[in-house]
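Summarising the annotation, Swiss-Prot assigns substrate binding site to L35, A36, R37, H99, R100, K115, K122, K123, E124 and lists similarity to another entry as the type of evidence. Swiss-Prot lists 136-150 with the feature compositional bias 'Basic and acidic residues'. The region 'Disordered' annotation in Swiss-Prot covers 124-150.
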Amino acid sequence: MIVTLTDQPFEPGVLVSAFCAGREETGAVATFIGLARAEQGAARALELEAYPGFTDAAITEIAQGAVTRFALQDVHIVHRVGVIAPGEAIVFVATAAAHRREAFEACDYLMDYLKSRAPFWKKEHGPEGPRWIEPTARDRTDAQRWDQEA
């Protein structure tokens, strides 16, 4: 399992290829790649803040829980911090399992956590200046469904 926070751009295709290499006992790999977007051209950049040692530990803990909950063989998470331009990759999540359902569900579970509960602080830089961004009601609802299924 790998959890990485980085302030450097990354190439998702390279990560997918590396994650899939040599997996003779794996039946399924699911991936998610999140990109920074400009809402109708409004955002010039997204800024993500994290506490080193705390944020990555929290993500590692939820990833370890996902390994157990979904019988995963492996997990790889890369999450950007710092200033991210529209179109750049923010997050990469890959899950490996014996079967597709577990890989898909685990990837979804991890993204719901990263989107709504992971200790990141998000600021959007737009034409009217910076503004802090909170998880949306939908983000919270998506994450809560996993609490009900536990």
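Cβ coordinates are placed from backbone N, Cα and C, and glycine is handled just like the others.
Keep in mind it's a predicted model, so treat the numbers as computed, not measured.
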Where the record names L35, A36, R37, H99, R100, K115, K122, K123, E124 as binding substrate, the maximum Cα to Cα distance in Å: 38
Neighbour-count leader, CB within 10 A, binding-site residues: R37, R100, K122: K122
Residue counts (helix, strand, coil, in that order) that DSSP gives for the compositional bias 'Basic and acidic residues' (136-150): 13 helix, 0 strand, 2 coil
Where R100 (substrate binding site) falls in three-state DSSP terms: helix
Those binding-site residues listed as L35, E124, and which of them has the most Cβ atoms within 10 Å of its own Cβ: E124
Structural state of K122 (substrate binding site), classified by DSSP into three states: strand
